[in-house]
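Notes for the one structure printed next.
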Number of protein chains: 4
Amino acid sequence: MPKPQMPPAHPFDTSHLRDLGHDDKLHEECGIFGVVGVADAASFVALGLHALQHRGQEAGGIVTHDPEQGFNSARRFGYVRDNFTSKSVMETLPGPLAIGHVRYSTAGSKGQTAIRDVQPFFGEFAMGGAAIAHNGNITNANALRRELIERGSIFQSSSDSECIIHLMARSLQRTIPERMEDALRRVEGAFSVVAMTRTKLIGVRDPMGVRPLVLGQIGDGWVLSSETCALDIIGAEFIREIKPGEMVVITDKGVESHFPFRPRPSKFCIFEHVYFSRPDSILGGRSVYETREGIGRELAKESPVEADLVCPVPDSGTPAAIGFSLESGIPYAMGIIRNQYMGRTFIEPTEQIRNMGVRLKLNVNRALIRGKRVVLVDDSVVRGTTSRKIKEMILDAGAREVHFRIASPPTAWPCFYGVDTPEREKLLAATMSEDEMTRHLAVDSLKFISLDGLYRAVGEASGRDAGCPQYCDACFSGEYPVTPADMVEKGFQVKSAAE
Amino acid sequence: MPKPQMPPAHPFDTSHLRDLGHDDKLHEECGIFGVVGVADAASFVALGLHALQHRGQEAGGIVTHDPEQGFNSARRFGYVRDNFTSKSVMETLPGPLAIGHVRYSTAGSKGQTAIRDVQPFFGEFAMGGAAIAHNGNITNANALRRELIERGSIFQSSSDSECIIHLMARSLQRTIPERMEDALRRVEGAFSVVAMTRTKLIGVRDPMGVRPLVLGQIGDGWVLSSETCALDIIGAEFIREIKPGEMVVITDKGVESHFPFRPRPSKFCIFEHVYFSRPDSILGGRSVYETREGIGRELAKESPVEADLVCPVPDSGTPAAIGFSLESGIPYAMGIIRNQYMGRTFIEPTEQIRNMGVRLKLNVNRALIRGKRVVLVDDSVVRGTTSRKIKEMILDAGAREVHFRIASPPTAWPCFYGVDTPEREKLLAATMSEDEMTRHLAVDSLKFISLDGLYRAVGEASGRDAGCPQYCDACFSGEYPVTPADMVEKGFQVKSAAE
Amino acid sequence: MPKPQMPPAHPFDTSHLRDLGHDDKLHEECGIFGVVGVADAASFVALGLHALQHRGQEAGGIVTHDPEQGFNSARRFGYVRDNFTSKSVMETLPGPLAIGHVRYSTAGSKGQTAIRDVQPFFGEFAMGGAAIAHNGNITNANALRRELIERGSIFQSSSDSECIIHLMARSLQRTIPERMEDALRRVEGAFSVVAMTRTKLIGVRDPMGVRPLVLGQIGDGWVLSSETCALDIIGAEFIREIKPGEMVVITDKGVESHFPFRPRPSKFCIFEHVYFSRPDSILGGRSVYETREGIGRELAKESPVEADLVCPVPDSGTPAAIGFSLESGIPYAMGIIRNQYMGRTFIEPTEQIRNMGVRLKLNVNRALIRGKRVVLVDDSVVRGTTSRKIKEMILDAGAREVHFRIASPPTAWPCFYGVDTPEREKLLAATMSEDEMTRHLAVDSLKFISLDGLYRAVGEASGRDAGCPQYCDACFSGEYPVTPADMVEKGFQVKSAAE
Amino acid sequence: MPKPQMPPAHPFDTSHLRDLGHDDKLHEECGIFGVVGVADAASFVALGLHALQHRGQEAGGIVTHDPEQGFNSARRFGYVRDNFTSKSVMETLPGPLAIGHVRYSTAGSKGQTAIRDVQPFFGEFAMGGAAIAHNGNITNANALRRELIERGSIFQSSSDSECIIHLMARSLQRTIPERMEDALRRVEGAFSVVAMTRTKLIGVRDPMGVRPLVLGQIGDGWVLSSETCALDIIGAEFIREIKPGEMVVITDKGVESHFPFRPRPSKFCIFEHVYFSRPDSILGGRSVYETREGIGRELAKESPVEADLVCPVPDSGTPAAIGFSLESGIPYAMGIIRNQYMGRTFIEPTEQIRNMGVRLKLNVNRALIRGKRVVLVDDSVVRGTTSRKIKEMILDAGAREVHFRIASPPTAWPCFYGVDTPEREKLLAATMSEDEMTRHLAVDSLKFISLDGLYRAVGEASGRDAGCPQYCDACFSGEYPVTPADMVEKGFQVKSAAE
């Protein structure tokens with residue numbers, strides 16, 4: 001069996017770009033948004049994607065349908081605000097029905113993305129066209145791809161999501177929603193999908209509901225979005241979350257709900273609470289901000305410390321730092337200032353600029369920090385590279401003590417459900433205990449919130465149900481709710497699959 | 001049956017571009033080139049495509065294969081010289097085997113091309129990848145496309161050529177050359193194809209040999225090209241034309257020749273002699289320039305005229321004008337000067353500039369023309385719009401008489417074999433006799449070469465064989481050697497198919 | 001006397017760009033930075049300008065001198081990170097001596113900037129070349145310009161700063177530093193200048209020291225910068241502030257200090273403390289962050305209120321909100337979330353997107369705010385447009401009460417010393433009392449810090465010295481320390497000049 | 001005295017561009033055009049500059065004046081058709097009065113041009129603004145520049161033409177036309193100038209009339225242009241040539257003529273007839289095409305040869321080749337075909353592409369040339385590099401004999417009057433006799449037209465007046481009508497100045 005040979009295209013040669021001072025974080029790989037029943041749907045989608053930009057900054061795409069002008073699409077590299085706001089582009093996207101997608105940049109780490117990898121994907125079937133946009137990851141994509149190629153399908157992208165379109169094309173079912181059900185039943189992994197035909201807006205969450213998807217209403221129109229913050233920007237009302245395993249088919253007659261999959265225990269991604277979702281989004285009835293503040297409070301209870309100041313590592317550590325301060329009574333202060341003009345990438349930087357690293361992005365408030373005992377609150381430690389540099393900057397500014405408090409448990413396992421994680425060996429917590437990490441980072445103390453503490457903070461009063469955890473927490477526990485088949489085939493050792 | 005719904009993508013919004021002063025010509029839609037057995041094959045392909053740029057100016061693409069780096073590709077809008085000469089691009093195209101394609105711009109007339117329509121196309125099959133580039137037109141593409149979609153193929157482009165890849169993907173045969181034979185047997189119309197696998201360069205001409213394809217040799221390497229002028233630029237030796245219905249499979253062991261199709265009478269496109277091919281290319285053992293000079297001589301014999309000057313309509317009328325001058329003894333002169341800085345398109349031109357039309361491109365040599373009787377030699381009359389404006393410019397400059405001599409018969413029928421022609425109603429000769437055209441253009445005389453005269457000039461001493469014409473001359477005669485099935489389905493009335 | 005006729009150039013047509021959701025703030029117009037005595041000085045300047053980007057985002061420029069390659073320069077529109085980090089640009093800027101400038105965008109409000117308006121300016125004098133970069137505003141620039149044109153100077157920009165170069169060119173003095181003294185003695189207004197000759201780095205502050213300028217040291221090299229945060233990014237040590245009226249001339253022999261101007265009472269811009277400077281910069285020995293926190297505390301003392309939450313208007317209200325919370329005991333929370341992917345401008349936005357305004361940038365944390373009494377802390381109220389929209393968003397999210405607390409006194413007068421302010425009529429506080437503003441904004445309460453309170457917070461324990469204020473506070477008090485001559489000529493009514 | 005230190009700006013880094021296959025020619029450095037008294041004057045100027053593009057391809061600029069909107073300008077790198085045709089640009093250039101300039105690219109040979117070097121130049125004087133555009137070269141520019149800097153002028157460009165604006169700024173005269181006279185009296189060298197104030201269009205030719213300038217009329221408006229071909233494109237009527245030493249001042253009252261300079265013998269550039277001007281322009285009452293055909297006839301008389309074909313080196317050798325054929329009776333043929341898609345520059349080409357050189361641009365019509373004795377007619381031999389390569393291509397294609405006939409005398413001296421020439425050492429004819437050149441190029445024969453023959457062909461029946469040549473022919477004779485002062489100061493040895 002020859003290995004896949006898809007030639008990388010180079011529509012934009014980005015090899016001269018370098019990520020510098022980029023945060024050492026896990027990253028959500030996609031945001032999705034769809035709307036039906038409004039005039040100029042594409043403008044709403046553009047605004048929604050702008051509000052979801054934190055879920056993917058590399059590229060975005062919109063597909064629309066207009067009764068007279070049929071399907072239209074645009075796919076671009078770069079920010080929504082730069083690509084999908086001008087009249088000249090938006091006029092090419094007419095109609096009352098549209099879906100869109102933003103995508104995380106993996107440039108530099110995993111090679112280059114071609115414009116043909118940018119979603120939504122479109123397929124023309126015998127009964128008409130359909131477009132789909134996908135947030136998540138198909139864990140048996142390689143096997144599906146091989147099978148489809150054997151049968152004569154031609155893949156045009158390197159995206160796992162393209163499998164869905166080919167499965168739909170070959171389905172024996174007669175309508176597009178039925179074909180989508182048929183296709184998604186063959187798919188393993190985590191997925192939230194928005195799709196559209198000429199007349200329908202469709203939303204689906206995988207049976208475990210790993211990735212988010214919410215339903216909103218605006219006038220007579222309906223909206224699907226990864227997060228509620230994108231409903232706010234267009235003034236839509238938040239109706240409810242799409243349920244795990246639910247498919248909604250929205251037409252001008254309203255919202256139909258189906259549950260086409262075998263029921264599974266719910267496993268929503270707990271990291272959405274910790275970091276991925278925007279603090280002004282609502283998850284489980286509470287603002288993500290409040291949950292994070294609660295994590296900070298929980299952390300202060302679990303791992304108190306004598307100190308003069310609580311400072312967040314900006315910006316993601318801020319709500320937990322506020323919570324830690326409120327609980328502990330230690331004053332909250334902005335000890336580290338983020339340069340808001342820092343972009344993600346630099347064009348072939350000079351040696352000198354490359355060496356600056358995190359200093360391009362963060363600066364210590366030296367006059368404030370000098371002589372103080374400082375609690376630094378961050379959301380997570382991934383590779384630990386940034387944590388180490390921040391500690392050095394803080395000490396260099398004259399802090400007396402540095403105590404790290406981390407608003408998540410040790411990240412010891414990679415995610416295979418739509419999050420960009422380093423290989424396991426590069427995760428600091430995969431190779432070191434908390435004590436070893438404390439010595440490695442050379443800080444006065446380093447404490448992570450416990451897994452139970454995190455569950456309490458997200459609203460599970462009695463903590464984690466070890467028998468059947470209420471969330472997907474594989475990145476902390478190594479317990480993967482779905483076996484990552486493609487990765488296992490490549491040799492990845494799963495600790496234990498909950499399946 | 002819903003009509004095809006492929007959404008046009010808009011990677012480059014070209015709606016603000018306008019064709020001004022563009023020549024009123026038929027246009028070849030593609031040039032193809034491939035090379036195997038040389039270091040840095042992509043550079044040779046780039047040079048070859050640069051020499052074939054007259055066959056397609058809108059976009060170009062190159063696919064290469066390298067034993068270590070596998071398949072690579074680049075596809076760009078614009079000229080070869082701007083896209084495929086820089087180190088940064090060419091370094092992404094390593095290896096000793098490459099094929100390429102240039103494509104004619106139909107922007108403005110037929111809508112926009114997306115980058116995914118730019119060839120070569122690539123397909124990953126169970127036994128490995130292959131890329132193909134196609135010059136010609138598949139006359140049953142719509143029917144094939146419907147059939148393939150019914151079976152679950154997903155089309156990514158609006159190109160008829162994509163059918164070939166999908167047919168190959170579904171073929172029951174075991175090797176790529178066999179699958180290509182299998183696929184091409186389902187295809188009707190005119191095609192010259194270059195294709196490549198990881199180890200083979202493949203060339204095919206359709207059974208009638210409508211479009212050109214030649215074989216060349218450079219050192220130990222082999223070359224396939226639409227025309228011989230592209231062999232010259234890389235210093236390759238012209239070996240022979242690929243025969244109608246022939247498939248050549250070239251490996252490091254040499255050139256294998258097959259004839260997989262049912263034999264058909266040869267029908268090479270006679271317009272290649274008149275206009276499409278470059279004058280320095282060799283067709284049938286003679287330079288195209290000499291053939292065109294011969295057409296001019298023939299025209300002078302058929303339709304002599306008393307005059308002071310013979311002037312070409314630049315640049316395509318030049319060789320025939322020289323021939324007319326040599327035969328008639330009337331001095332040859334450059335009565336019309338072409339502005340060599342004229343591009344094809346303007347960005348949203350102002351009203352004033354739009355009104356300039358052909359004056360942006362051509363200027364009459366007023367001092368030379370004044371008071372003279374002028375013979376204007378042009379290669380063809382399509383819509384007649386430019387001819388009319390040129391006549392006005394010539395008279396406005398003070399010419400005493402204007403006589404048009406046209407180096408082809410009246411173009412009265414559209415081409416369906418890979419040439420961009422207006423709809424039949426827009427062809428001047430479809431609606432007017434020679435006398436009516438003379439009055440319409442308001443010139444002192446207008447004469448076209450006869451069909452027999454043209455055949456004599458291209459080397460058929462006894463003229464056209466009415467029973468079985470030696471060339472495809474459907475654009476003049478309306479006798480289509482292959483029924484254009486898709487067009488007939490849409491309601492096109494074929495005068496008579498020779499099939 | 002004809003009015004000035006300099007034709008606006010349009011190297012970049014920006015008429016299709018629109019400011020949307022842009023904050024209703026005063027804006028510092030420039031940041032300056034210079035370094036001497038280090039290898040590759042331009043990279044240091046680039047980093048310094050990146051840290052000063054908040055002082056000007058429209059454009060930046062760098063001039064360098066190298067003993068072998070002489071003077072070189074680059075000027076670009078856009079962010080430092082995009083323009084001055086690539087090798088290809090930085091290699092054109094060699095040498096151990098460099099100065100740079102970032103400039104605030106006035107596009108949209110005041111017309112377009114041409115690249116020739118981008119500093120540093122360069123002049124070639126009989127004794128050699130010099131470059132200068134200027135932060136501030138010359139209040140007699142129009143008069144100087146007229147005078148210089150009468151004498152035959154040709155202005156190339158519309159910048160007031162170009163006067164300095166022309167005055168230097170015409171000076172009778174023999175060295176460049178002497179000519180600069182000579183020139184600056186003719187100049188009225190506020191200015192901090194960094195300049196360079198082939199061997200010298202020069203820094204000057206106007207006699208009142210309105211705009212900041214600090215001295216730093218890095219290895220054997222010296223640095224001049226608008227703020228200390230730009231010393232931090234390159235790892236330079238903060239030595240001291242340049243004194244009002246001081247000129248420093250730095251060569252490889254060290255720093256020479258002069259006081260070429262008639263002494264004046266010091267009038268540092270108090271708004272640097274309130275908003276312009278970065279919170280991690282040090283002014284008067286304290287971090288700007290601490291001063292702002294102090295303003296918030298002072299405000300809580302002056303204008304207490306019963307409430308559930310203290311929320312900043314992000315990001316500039318944050319330190320004062322923290323101070324308000326610490327003083328009042330009301331919990332601090334992020335009730336408004338800023339979209340960090342919001343740029344300043346949109347390319348010809350559609351109507352729908354234009355109408356979004358501030359929602360593109362800010363979103364209320366609805367779940368958090370609902371039913372709460374909220375104190376909103378902002379740094380200033382300029383036109384009041386954004387304040388009004390924010391209030392609406394907060395109420396729309398279900399807040400029970402909204403109390404505005406403003407960390408500066410009412411901004412009732414325009415600045416003529418290098419800050420972009422609206423015309424007086426557009427300043428809300430110029431036309432309304434505090435009560436009227438409260439009704440206009442329709443909030444439950446609105447309180448500004450008092451002028452005395454502000455002076456206390458910046459360290460003047462006994463408040464403002466009404467006889468001779470310790471700072472320039474003209475934007476609040478209307479007491480202009482230098483008569484803005486050009487504006488008075490145009491009809492501006494000064495309340496009272498302190499001169 | 002330090003040497004000039006103007007820092008090169010790098011708004012467009014062009015160091016990665018390479019001239020390949022570029023013709024080995026002398027190049028005119030500028031084209032100028034102006035119009036007054038028509039609506040939307042800028043569109044006319046754009047069209048005129050498009051027709052003059054052969055006189056300068058690097059950059060272009062337009063300045064306009066509108067009674068309400070004052071002066072406006074745009075300056076761009078690249079072709080007129082790409083920069084000055086879109087509505088968005090042209091709308092920024094309103095008004096009934098406009099001038100423009102195109103400039104030859106010296107990129108690669110002489111370093112980079114900054115946008116500030118692109119004309120027209122604008123100056124604001126006490127009595128109002130003025131813009132000027134200049135074709136030619138000021139031979140005492142260095143001395144003038146030094147003098148002006150000593151007096152306090154600040155130069156912004158490296159262009160010699162900027163001296164004129166500074167001289168005007170310092171003139172004691174009261175009106176702009178008087179100041180222009182005053183300034184131009186200090187200027188030595190060759191110049192044709194178009195200039196404009198708010199109400200006047202001004203044209204000037206230097207006292208010897210070295211560079212061309214013509215007057216045309218369109219409706220009630222007036223036009224100034226380098227050549228008549230640019231009158232044709234806008235439909236203007238050619239009135240007359242501006243006389244050597246004449247200044248015309250055109251207002252709505254008509255054309256006033258002055259002769260402000262000391263009279264000098266006329267010395268029009270004879271190379272305008274040979275190569276620079278477009279063949280459809282009229283010089284001295286005859287089309288340039290006819291003159292060049294006449295040169296070919298003269299050359300056939302002076303240096304006949306037995307041969308089978310006369311072929312031009314395209315495109316500049318074409319008219320002379322036609323003349324040679326008509327006179328000699330040897331058939332004219334296109335033996336060399338030019339690739340019309342060849343641009344001037346390549347972006348960092350690969351080694352392989354760089355090596356292609358002239359083959360990228362020219363191809364021999366192999367089938368036509370084989371076994372023939374060929375006369376190749378070219379307009380000039382400068383370095384001889386291209387001639388040598390063409391000869392090799394012709395022989396390689398199987399020609400039996402190659403005879404070069406050159407339509408100008410040997411180019412043995414550089415031009416200092418506005419033409420881009422190599423240094424004297426690089427001119428083939430400066431170091432070799434005709435026989436040596438014949439051997440060097442290894443051709444069967446090489447003949448240049450005689451100086452007398454050239455004079456006869458341009459209409460001087462009795463040939464060249466050795467005592468006082470009727471034309472400037474310094475590039476052939478070394479007799480410079482004006483001593484090139486700046487070059488002499490740098491050490492250039494003038495053979496003999498005719499002054």
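Cβ coordinates are placed from backbone N, Cα and C, and glycine is handled just like the others.
What TrEMBL lists as active site, nucleophile is A:Cys30. The Cβ neighbour count for A:Cys30 (active site, nucleophile), using a 10 Å radius and every protein chain shown, is 24.
Residues annotated as [4Fe-4S] cluster binding site in TrEMBL: A:Cys269, A:Cys415, A:Cys472, A:Cys475. According to DSSP, A:Cys472 ([4Fe-4S] cluster binding site) sits within a strand segment.
Neighbours of A:Ser316 (Mg(2+) binding site), defined as other CB atoms within 10 A of its CB across all chains, total 21. TrEMBL lists A:Ser316, A:Asp378, A:Asp379 with the feature Mg(2+) binding site.
TrEMBL lists A:30-253 with the feature domain 'Glutamine amidotransferase type-2'.
A C-beta separation below 8 Å, combined with a sequence spacing of at least six in one chain, links A:Cys415 ([4Fe-4S] cluster binding site) to A:Leu26, A:Phe271, A:Thr421, A:Ala474, A:Cys475.
Looking only at Cα atoms, A:Cys30 (active site, nucleophile) sits nearest to A:Cys269 among the binding-site residues A:Cys269, A:Ser316, A:Cys472. Other than the site residues A:Ser316, A:Asp378, A:Asp379, same-chain residues with C-beta atoms no more than 8 angstroms from the centre of those residues' C-beta atoms, the Mg(2+) site, are A:Lys25, A:Tyr275, A:Pro312, A:Val313, A:Gly317, A:Ala320, A:Val377, A:Ser380, A:Ile406, A:Ala407. Across the structure, A:Asp378 (Mg(2+) binding site) and A:Cys269 ([4Fe-4S] cluster binding site) are spaced 19 Å apart at their Cα atoms. Other than the site residues A:Cys269, A:Cys415, A:Cys472, A:Cys475, same-chain residues with C-beta atoms no more than 8 angstroms from the centre of those residues' C-beta atoms, the [4Fe-4S] cluster site, are A:Val210, A:Ile270, A:Phe271, A:Tyr417, A:Val419, A:Asp473, A:Ala474. The average pLDDT for the domain 'Glutamine amidotransferase type-2' (A:30-253) in the predicted structure is 92. In sequence order, A:Ala190, A:Val210, A:Arg211, A:Pro212, A:Phe276, A:Tyr417, A:Val419, A:Tyr471, A:Cys472 constitute the residues six or more apart from A:Cys269 ([4Fe-4S] cluster binding site) in its chain with CB-CB distances below 8 Å. The Cβ of A:Asp379 (Mg(2+) binding site) lies under 8 Å from the Cβ of A:Lys25, A:Val274, A:Tyr275, A:Arg292, A:Val313, A:Ser316, A:Gly317, A:Ala320, A:Ile406, A:Ala407, A:Ser408, each on the same chain and at least six residues away in sequence. Counting Cβ atoms from all protein chains shown, A:Cys475 ([4Fe-4S] cluster binding site) has 28 others lying within 10 Å of its own Cβ.
A count of other CB atoms within 10 A of each Cβ picks out A:Cys472 as the most crowded of the binding-site residues A:Asp378, A:Cys472.
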